[in-house]
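Pulled from TrEMBL, these are the features on record:
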type     : residues  : note
REPEAT   : A:54-87   : repeat 'TPR'
REGION   : A:192-234 : region 'Disordered'
COMPBIAS : A:210-219 : compositional bias 'Acidic residues'
DOMAIN   : A:277-315 : domain 'RING-type'
DOMAIN   : A:367-570 : domain 'Lon N-terminal'
Ligand SMILES: [Zn+2]
Ligand SMILES: [Zn+2]
C-alpha cells in the first residue's frame, strides 16, 4: 500500500500554471548519475502524471475549439476527463463546447461539476449561468451570475454586470409578455415586443434606450405591463425576491462547503534530493524559481546573478528575471517541502538565521570582522555615493542589507600595505540604494565611526577585518584654550571657503552641501565637530594627510594640523595678504 | 579569523570519496581542504593509456562562483595542455557555472584525454603536429606517456 502525503495547493489553478511543460526535464545529463536540479515541470509530472496528461489533452481540445472543430474538441475533452476528472478548467471548457453545440443539459452538468471542484472559482458560475439561460431557467441563471460577480476580480466585473443586466431584461420581458398574453390575449403583440427588444440581448448598450422607450410607453397608461422603474408590479417584485432568496441560500451553502482542493503525492515519487540546492548543497531555503523552472535558495541565486545573467543549471538567459527583480519565493516548492520534510526545513531555517546573526554581529568584537570596501577615503559625517558593480561588493552590500547592519568599512587602497589597503578607515552607513536593471547599484552612504584595523581576512571573495573603533578623547582641562583654538581655525577655514571662486563653490555645495554649523559641546562628540571633516574633504589634500588626520583622536591636535594646512593654502592663494601664522 | 569551510565543499568532498569517478582519484590535502591531489589514469584506447597523470586542483576562495584551478603536474604531450600543465578547457574558464562541480571538472579532463581537440589549442606546436601528422603526434604522446607517466 503506497503511503500518501497530501499537499494542499489551493492557490494553484492547475499543475501547469506558470510551468513550461514542453520544457521537460532540463537535466544536462550530469555525469554523477544523480538527478540534480529537477525543474518544477519534472516534479509536477512525476507527482501528478495523470493530471498532466489530462492537461495536455485539454490543451489539445482548446486548439480544436479555437478552429471551430467542435466534435474533435469534445473528443479530446472526453479523453482528458478520464485522466483528470477533477480539473475544473477542463469541466468548464467542456461545458462551453457543449453549450456551443446546443447541448445545454450536458453543458449545465459540467458547469455544476466545475463549481463543485472549485467553489471559489468565478468562471464556473458563469458557465453555469450560460447553460441555464439556454435552458430558459432565467431566475437560476441570475443567481449564478450574482455568485460569479461576488467572486470575480474587479477588472472583469463590467462584463458580468452586462450579463446580469441582460439576464434581468430577459426575465422581465418574459414576465411582461406572459402577462400581456394572458391579459390581452394578443399573441402578435407578444411577438412584436420580443423581436423589438431582442437585439438588446446581444448588445447591452441598447438596453438603456429600450428602457426609456418603455417608460415613454408607461405614460400611455400601460405601466402595469412594463418594466419601467417607477412602479414595479407585484409579480415582478416577488420574482426578484425569490431570486435573492435563492442567491442567499447558495452563498450560505458555499460558505459551509470547505472544499479546498487537495492534490496528493505518493511518497515513492517524492525525493528529498529534488529539494537540495545545486549551488550550496543544502536544502532549499526561500526557494526562488527561474523562468526555466530551476529552483535555488534566494541568496544562492542572487550570488550567481552577481556574476552572470544565465541560469546556473541550464544557461537559459534570465536577464529579464533579474531586471524585474523577481525574487518572490516559489510557494509551490516551499509548500511541498514544508509538507514532507518539515523538520529539515526547520533545521535549514535555523542555519540561515545563524548565518544572518553572524553577519549582523559584524564589528561586535575581534571574532566578528566588519566587511571592508576598498575604493576611496571616506570621512566621518560626509556623504559618499558608490557605484557598486564588482560581484564581490554586490554580495557584500546585499549582506549588509539582509543582516540589517546597513554599514561597512571603507578603506583607501594602498599598494604596499597588507592585502593592498590602508590599516585604518571609516564606517559608511547605507542611506539608500538604487538598482539598475543589470543588477549594479548606486549606494548612497555617509561616513560614521573611524576605525583602526587589528587583523585582515577574506570572506567569500571580499575583505573583512577585525577592528578597533576610534573616538576622540574628551578633554577635561584647558577647555577655554581649546575653544579659542577652535574658533580661530573655524574663522580661518570660513575665510578660506569664502575666498574660493564661485564655480568651485557651487560644485562643493552640490556634492557636500554647505558648511555644517558648530555643534554645542562639540568637544564631547566622538568624531569632533562636523565642520572640520567638511573642510578636510574640500581641501586639496593628499590621501595620506587626510588619513593621518582621521587617525588622530585628539581634537586639539586635529585643530592644530588643520590650522597649519588652511594657513598654507591661504598663503598660496594670496601671498601678500596672508595673516601671520598663529595670529588670532 | 579564517572562515569555516563552506558546507558545499565538505559535501562535494564526501561524495567524491563515497562514489569516486572511475579512473580518477581526488584526495584533499591534509592541511588544506581546498587543495586536492588528483590522479587520472590515461583512458583506454588513447595515446595516454597505461599512464598515470598527477594533477593539482585548488578551490579558490570564491568557489563555486569561480572555477577550480587545475593543472597537470605530470608532463603530457597533448594539444590542449601546455608545458606548464595548464589546461585549455572551456568550463574552467568562461563556460564555468556554479552548478558545475569538482566531479564534472574531473570528468571533462578525462574526456579531453580521450579526445584531444587540436582546433582549440593551448600548446601551439603540439596542436600543429596533431593536425598535420596525427600518427606522429600520437607516437610522441605515447612515448611521453611511457617516459613521464609510467615511472612510479
Ligand atoms: Zn542554496
Ligand atoms: Zn535553468
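Glycine is no exception: its Cβ is also placed from the backbone N, Cα and C atoms.
Note: TrEMBL annotation is automatic and uncurated.
Confidence in the domain 'RING-type' (A:277-315), given as mean pLDDT, stands at 93. Under DSSP, residues within the domain 'RING-type' (A:277-315) fall into helix, strand and coil as 10 helix, 8 strand, 21 coil. Sorting each residue of the repeat 'TPR' (A:54-87) by its DSSP state yields 27 helix, 0 strand, 7 coil.
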